[in-house]
Amino acid sequence: ELRMSSSSFKDEGKDELGPLHPITPRRVKNLDEFIKFGWYTGMVLVAAEFLCLSTLSNMVYMVFSGANPTVIGCGEYKLDESGNNCDRLNKLMNETGCLPNLHYQFESVNVEFNYICDDAKVIKNSISLQMTAVLIGAFLFGQGSDLFGRRFVLIVGLIGSSIFSAFTAISPNLLWFNVFRVLAGLFTGGVSAVQGVYLVENIPRKHRMLINTIITWSPNFIIYPIIAYYAQSWRMLAYGSGVINLIGVVSILFCHESPRFLIQKGKIDEARKVISSIRRRNGDSCELRSSEIEEMLVHEQDQFETIHIRTKQHTFLDILNTWKMFKWTSTLCFGLIVTSLVNYGILFNMEKLSGSLYLNNIFFGIIRWAMNISVGVLDYFIERMGRKILNSLAEIFNICCLLLISFLYYYNLSGEYASLIRISAISATAMCAQVYIAKFMTATELYPTSVRNLGSAALSMSSRIGTILGPPLFYLGDLHASCPYMTLSFSFSLTSSSSLSISLKRRECY
């Protein structure tokens, strides 16, 4: 009596429930699907803009504060302003004891502390020292953001940058100036390493490309020269950088910690509170969405507990452990070192170009921003406009500009074609932004997910190495004015050919 056939169960199931079908589990939405554009997003974008401006104000501070003046005379003796007067100046100073007369557009550290002619190299070395501090700060604070949170690290970085920028303004001599600039660089490196991650984690996925095109360094390269123009001296500009950093602190205090970070660290209850606050600010009161968010958080909690047990810890050796990975990493890293050599080498020697120091930097920002927007539009509407084409075109363009400048200097045509050199140098520097984008995007496509962050970190550090070496690279100009540009064009040719080999290998893989 207790035994029943399987058909009995089937029949019973049909009578009461109808035909039985396999149950398909409903897909749990992820966090990105709940991030919507609203009032809170606007607050994040305001904070992101001040983060960009604060980072730029410290990174390119020495473009103006380290500008080398032109010697136009010594006491009552006038010298040819267009020539190299350093040898004649030293002779006059030794014979007559006269004081040098200087022409400058911005009262830099060189002017106040009298670091001119060959002594100006001391200031260029100071720039490399500051950029080394930025590299160290990016490494330390980048690790700290994974432990203590994006928002906390950004606040600490901005406060530190603000304090030591203010101390820079009261430096009594070059020694203390270097100490304070190095400390400011450490905190600036931290902000630069975390700001992009914080922005991406707090904006809707479909708006990320557009926002990263608009809120970037490029428009701030237009704003900062205007601030420098009204500051007129390195001390006032340092105070201005401090104020910009303080405004950045205030703006980010109105924002929450990244919900993505909280979820990744297993702080689900805190993430729940943050998401609820963001929804209130955006005016989102949908009960259905609230239940979906709760379901997502429960799912993320389960995922965290599973992944936390099974995840393997990776190191930088994992992006070098095979010949293929070693070739990818070395090629991309070398490419970014060369790109930063061009970008910051020319940028920190901008005073050598003809025309206004302020307008040159503004034109640089306008050209760079226009290129960013144009490439973004082309990439969106033209499917065949891939990263390989973008990278190749940008590198070929830079090689042509650098070779043209080398040719004009080599044949002593720099005076006659000063405007052409100016346009070529600014355009090459602006185009470097596209090379940066192409190489970082290539890295995201090449590296496996498990080591992708390590690959990006290696590329970032390589970029900083180029930033450190960029200013002293132009010491080659002591041999001949064309030498720095010839070296850069040759280096770009090497990285362009190696990048092409990676593209061909990728094509074979597919």
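Sequential numbering from 1, following the chain as shown.
Glycine is treated like the rest: Cβ placed from N, Cα and C.
What TrEMBL records for this protein:
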{"type": "DOMAIN", "residues": "54-510", "note": "domain 'Major facilitator superfamily (MFS) profile'"}
{"type": "TRANSMEM", "residues": "37-56", "note": "transmembrane segment"}
{"type": "TRANSMEM", "residues": "152-170", "note": "transmembrane segment"}
{"type": "TRANSMEM", "residues": "176-198", "note": "transmembrane segment"}
{"type": "TRANSMEM", "residues": "210-231", "note": "transmembrane segment"}
{"type": "TRANSMEM", "residues": "237-255", "note": "transmembrane segment"}
{"type": "TRANSMEM", "residues": "332-350", "note": "transmembrane segment"}
{"type": "TRANSMEM", "residues": "362-382", "note": "transmembrane segment"}
{"type": "TRANSMEM", "residues": "389-411", "note": "transmembrane segment"}
{"type": "TRANSMEM", "residues": "417-437", "note": "transmembrane segment"}
Residue numbers, six or more beyond the limits of the transmembrane segment (176-198), whose CB comes under 8 Å of its CB atoms: 48, 51-52, 54-55, 58-59, 61-62, 109, 126, 129-142, 144-145, 150-151, 153-154, 156-161, 164-165, 167-168, 258, 460, 464
For the transmembrane segment (152-170), sequence-distant contacts whose Cβ falls under 8 Å of one of its Cβ atoms, 6 or more beyond its ends: 51, 54, 57-58, 137, 141, 144-145, 177, 180-181, 183-184, 186-188, 190-191, 194-195, 198, 235-236, 238-239, 241-243, 245-246, 248-249, 252-253, 257
Chain residues in Cβ proximity to the transmembrane segment (210-231) (below 8 Å; excluding those fewer than six residues from its ends, i.e. six or more beyond): 45, 48-49, 52-53, 55-57, 60, 64, 106, 199-200, 203, 237, 239-240, 357-359, 361-362, 364-366, 368-369, 372-373, 376, 433
Remote residues contacting the transmembrane segment (37-56) - C-beta distance under 8 A, at least 6 residues beyond either end: 154, 158, 161, 188, 191-192, 195, 198-199, 202-204, 207, 211, 215-217, 220-221, 223-224, 241, 244-245, 247-248, 251-252, 254-255, 278, 281-284
Contact set, same chain, for the transmembrane segment (237-255): CB under 8 Å, 6 or more residues outside the stretch: 40, 43-44, 46-47, 50-51, 53-54, 57-58, 61, 64-65, 151, 154-155, 158-159, 161-163, 165-166, 168-169, 202, 227-228, 231
Mean of the pLDDT scores, which run from 0 to 100, over the domain 'Major facilitator superfamily (MFS) profile' (54-510): 82
